[in-house]
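One structure below.
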Amino acid sequence: MPTRGPDSGPDSGADTGVDEWRRTVRGWHVAFGTLAALTCVLILTNDEPGAVRRYAALGGLLALAGWYAAVGAPALAREQQRAGLRYVAGAVPLTVAVFALDPVGSIMLFMLYPHVWALLPMRRAVAATVVALVATAAVTTAEAGFSPEIAVMVLVGLVVALALGVWITRIIEQSRQRAQLVADLAATRAELAEVSRRAGAMAERERLAHDVHDTLAQGFTSVLLLLQAAESEADLDAARHHICRAQTTARENLAEARALIADLAPPALHGGSLPDALAQLVERLSGDLGVRPSLAVRGDPRVLPAEHDVVLLRVAQEALANVRKHADASRVDVSLRYDAASVVLRVTDDGRGFDLSAVTGGFGLSGMRARVEQVGGGFTVRSASADGTTVEAML
């Protein structure tokens, strides 16, 4: 028996194949019901066989319909070879019997042959077709005697039935292949959706990791340094100053945390421009850096996409945090330049510098680069031992 094959594989593809086969089976049901009704009407209106044979033919037709409903229809729906063989084994003699009782019963042969080829493998389908044709030829011969015309009829019928069977088999096989293709496409689509979901989750985790590092972690470091400075400070007023700054930094960190949770822009950008946010950042970090950074804004400031503002501010935060932790600089310059087609942020210090080839891991430089490149920008770092560092982001 031809198999449609969608029962294996992902549920969505299998469901599509099953739905397609169910529509095909419903077509079989409609065709059988239509031909059976037509045969019934013709038997009732045909007076030639006589009343006894007419009613016997009707009984055989009803038996055939019942056999189809009980065995044939489930076999088609479930594509069960054993049930299909059992149905054909009963349908062939019942159809031949109806034909023997009333010649109009030959109409049901047009339903029998498609069922045979739909339900049985090739060899058994050929055998069942030959048996049905020989049986109908025997009935015709018994009624009218043997003649060359009957032999020709059997041969022509055999050729037509075999051609019809091959055609039906090819249609079912093509349907199976289409159903399998649909299943494969559905599986591929499901896999792509899962890959996309995982990539999105990974990107979101990386974004949060960068945000936490660039904001909360740096803020906590500042709080810790300020509290340590207050603890070691002998002058009470100076200690209070350090504690007040630690409290301010903690509040800002809390606002940053709330913004991250709500997926909002950094608080420094709320209601202000990027130059204003950079000015606040420079002012806030001047005490921590031990030197007051200079800020220069060149060109005509303009409104940038919100994500560009966030990226440039985060790069400035991380670059200044690196200066505080590693540079031991005496001069720090922050510049923001608005060109006609780009915006360039540069943070330069005259500190100890470092060997770029020796940098590994962490969320510092790699995190800044990832942020900038994610929005289609360029990121460069120039540094050498005892020669300062320049961090530049261009969007």
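We count from 1, first residue shown onward.
Using N, Cα and C of the backbone, Cβ positions are placed for all residues, glycine too.
Model, not experiment: these values are computed from the prediction.
The domain 'Histidine kinase' annotation in TrEMBL covers 207-395.
Annotation comment: TrEMBL describes 27-44 (among others) as transmembrane segment. Using a Cβ-Cβ cut-off under 8 Å and counting only residues 6 or more beyond its ends in the same chain, the transmembrane segment (27-44) has close neighbours at 54, 57-58, 61, 64-65, 68, 72-73, 76, 98, 102, 104-105, 107-108, 110-111, 114-115, 118.
Per TrEMBL, transmembrane segment is recorded for 56-76 (among others).
Under the heading transmembrane segment, TrEMBL lists 88-113 (among others). Residues 31-32, 35-36, 38-39, 42-43, 46, 49, 53-54, 56-57, 60-61, 63-64, 67-68, 71-72, 119-120, 124, 128-129, 131-132, 135-136, 139, 161, 164-165 of the same chain lie 6 or more positions beyond the ends of the transmembrane segment (88-113) yet place their CB under 8 Å from a CB of it.
As annotated by TrEMBL, transmembrane segment applies to 125-144 (among others).
According to TrEMBL, the transmembrane segment annotation covers 150-168 (among others).
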Intrachain neighbours beyond the transmembrane segment (56-76), with Cβ under 8 angstroms and 6 or more residues off its ends: 25, 28-29, 32, 36, 39-40, 43-44, 49, 83-84, 86-87, 90-91, 94-95, 97-98, 101-102, 105, 108, 115, 118-119
